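First the structure, in the form of structure tokens, and then the observations on it.
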């Protein structure tokens with residue numbers, strides 16, 4: 001299929017072209033001509049000085065165009081050919097500057113038309129004209145489309161970016177980790193993986209980065225461009241690229257990767273896989289990763305209030321005469337459903353009944369495939385005699401800078417973050433004595449909805465006389481979906497203690513207060 005516009009060459013005169021990979025070889029003299037052409041059925045974009053034979057060509061099938069401003073774009077290709085030596089390079093990029101917005105628009109229209117035709121040739125056209133690409137990315141292979149759409153829609157909204165920015169523990173720790181390790185950023189090339197609003201990219205630029213590539217797949221990329229453009233002293237060293245890490249190309253290797261890829265239980269949303277893919281694709285040998293290491297912490301807990309609260313949720317389905325209908329056939333399913341939800345909240349660390357243990361995930365060494373299944377053996381020693389209601393989890397990450405090593409934690413008792421903590425509640429608690437050994441397994445299996453299925457087993461080993469013979473006294477298991485948590489952050493936490501309760505930012509209006517407010521409003525309306 002031949003695009004009519006390429007039956008003859010299309011030429012555009014540019015203000016300037018700067019080669020990112022080799023500034024000394026840039027086409028600096030004016031004018032510079034960009035030409036779309038089709039040579040031996042291969043579509044090319046060629047840059048050449050009008051009075052010289054020097055220039056280079058990009059294969060359009062592997063070329064991407066990124067807008068930096070109204071008159072400025074970055075053109076990146078993973079396969080370019082120099083006219084001088086006819087040798088291909090792995091990746092090359094140029095910054096294009098147009099003379100006016102009319103030329104800019106016409107160039108972009110021609111570029112998109114060529115790319116559209118190339119997609120039709122590589123894929124298959126549906127009846128409604130939609131093109132299905134034959135080159136599905138690795139991200140698309142493992143993540144279902146509906147989940148990805150909702151994920152990118154969520155992070156494409158300023159409301160949710162503001163929620164993360166206002167997590168001052170998170171944002172402040174990142175700022176400190178970067179600024180305290182300026183030597184790792186100064187004069188270096190940085191890639192911000194999942195840049196969001198671009199805040200980490202600007203931190204890197206403030207620390208003296210030579211250039212920052214802010215990669216963001218959601219619509220937030222447009223907001224990031226706007227925010228960065230509003231900080232002109234930083235903007236000249238930051239390029240926002242809209243696309244997935246798995247799909248894009250960069251014109252150079254990175255000295256530093258920076259990202260905020262952590263989800264609930266550290267691994268939720270499966271962004272850590274993208275982080276290590278960026279490491280494998282773009283990070284130079286001996287490059288730095290911020291963060292560097294993550295740890296999942298775990299400890300058994302006792303919380304009778306939480307257990308009763310969850311069990312009571314299913315009591316609705318024990319009604320035998322609900323408007324003449326017997327609901328009890330669904331009671332067991334409802335009970336199982338409530339206990340299949342991990343609980344996300346901030347809890348009192350005094351609920352923990354054994355010293356915690358942790359599982360290390362080294363982002364510099366972990367492979368993408370190792371995130372598909374994470375198996376953690378558990379072993380604790382009970383410090384009190386109690387009923388264990390489940391396993392509490394939280395995480396921390398290390399920024400291993402050359403100057404300062406800084407930890408960021410979501411532990412109970414530490415300043416609360418928007419991640420809170422997470423608890424897996426057993427539908428059948430187990431009884432333990434002080435000093436009794438608790439064993440088990442936490443098994444995480446990744447699924448295509450960008451999350452994990454959690455399989456938890458806890459067992460209490462025999463204690464006292466005869467314990468040396470081994471054996472298990474009690475065992476309880478549960479299966480949970482990390483994608484569907486129970487967000488309990490605003491629920492009142494009642495604990496028997498003589499200490500004054502901690503201050504809360506949540507405001508609870510009781511029903512009596514509501515009735516009084518309604519009466520006052522009615523009286524006010526009557527007086528008007």
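Backbone N, Cα and C define each Cβ position, glycine as well.
A quick note: this is a predicted structure, and the numbers were derived from the prediction, not measured.
Here Swiss-Prot flags 1 as N-acetylmethionine, drawing on a large-scale study or a structure entry.
Residues or ranges marked as domain 'SAM-dependent MTase PRMT-type' in Swiss-Prot (evidence: sequence analysis): 144-459.
Look at Swiss-Prot and you will find 161, 170, 194, 216, 246, 274 tagged as S-adenosyl-L-methionine binding site, backed by similarity to another entry. Residue 274 (S-adenosyl-L-methionine binding site) carries a helical DSSP state (H, G or I). Within the same chain, the residues at least 6 positions away from residue 274 (S-adenosyl-L-methionine binding site) whose Cβ sits under 8 Å from its Cβ are 139, 193, 194, 244, 245, 246, 261, listed in sequence order.
For the recorded site, residue 260 (active site), the DSSP three-state label reads coil. Under the heading active site, Swiss-Prot lists 260 (among others), citing similarity to another entry as support.
Taken from Swiss-Prot, the feature active site covers 269 (among others), and the record attributes it to similarity to another entry. Long-range Cβ contacts of residue 269 (active site) within its own chain (separation 6+, distance under 8 Å): 151, 263, 450, 451.
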(request) Only counting partners 6 or more residues apart, tell me which same-chain residues put their Cβ under 8 Å from the Cβ of residue 161 (S-adenosyl-L-methionine binding site). (result) 155, 196, 197, 220, 223
(message) Return the count of C-beta atoms lying within 10 angstroms of the C-beta of residue 260 (active site), excluding that atom itself.
(response) 23
(message) Using the alpha carbons only, what distance in Å do you get between residue 260 (active site) and residue 170 (S-adenosyl-L-methionine binding site) once rounded?
(response) 9
(request) Specify the secondary structure state of residue 216 (S-adenosyl-L-methionine binding site) as given by DSSP, simplified to three classes. (result) strand
(request) Across all the protein chains here, work out how many other Cβ atoms are within 10 Å of the Cβ of residue 194 (S-adenosyl-L-methionine binding site). (result) 23
